[in-house]
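Participant: Here it is, the structure in full.
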């Protein structure tokens, strides 16, 4: 099962294959990512879920030995073409990584940095954008009195929310989250999960997670991957309660992986 038709598609993946040199990492992937919903990728380490996520904003483009074949359609436009403007793509498709990665600058400038690359705002408008992004990331009340302190002064959970605020400050259409809670404590993880659920009101969210309970709590749709192949993709509740494939059932019940 590769299509989820409960909402319009934001991203359509068609016959996608990906290679690290000669290693065939993704094999004939076909799936649709629903607009303004949360889609989770699960599977054992090395199954290709992070590789798939990173094709959505061509993170591999700096490495000539890595290549993608097939189509990834963002609102109907194939982003895998050589004519795709990478900077414009990454303005539309933001990304938050596994480990919090604040820039070595103030909290304010962490948010403003990306905005300045794409927009020329007055100071008042930039102040408003910074407040908006931090509010969206549930971080404004904790940082409003120390905006000019270093981003490194924040706790790990706060730093990850800062990275989310930085990602949405340029107003992308899609937000990619690669294991965003793996380095966080349970309380910080809970806050990030609440935030993910809220973000889908404005963004299409795709999350990679090793935590199946997290996928069950946060996502509307879940894809199970194994050895570079998409094994099953369906409504999250259905995948976890009545999986269609034995491989999926074995994985979610802990029989392998």
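Note that Cβ sites are derived from N, Cα and C of the backbone, with glycine treated the same way.
Reproduced below are the annotations present in Swiss-Prot:
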type	residues	note
DOMAIN	11-252	domain 'ABC transporter'
BINDING	43, 44, 45, 46, 47, 48, 49, 50	ATP binding site
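Tell me what's around each of these sites.
Facilitator: Applying an 8 A CB threshold to same-chain residues 6+ apart, the list for residue 48 (ATP binding site) reads 18, 25, 26, 225, 227, 228, 229. Secondary structure from DSSP puts residue 48 (ATP binding site) in coil.
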Participant: Which chain neighbours of the ATP site, leaving out 43, 44, 45, 46, 47, 48, 49, 50, have a Cβ atom within 8 Å of the mean position of the site's Cβ atoms?
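Facilitator: Once 43, 44, 45, 46, 47, 48, 49, 50 are set aside, the remaining close residues are 51, 225, 226.
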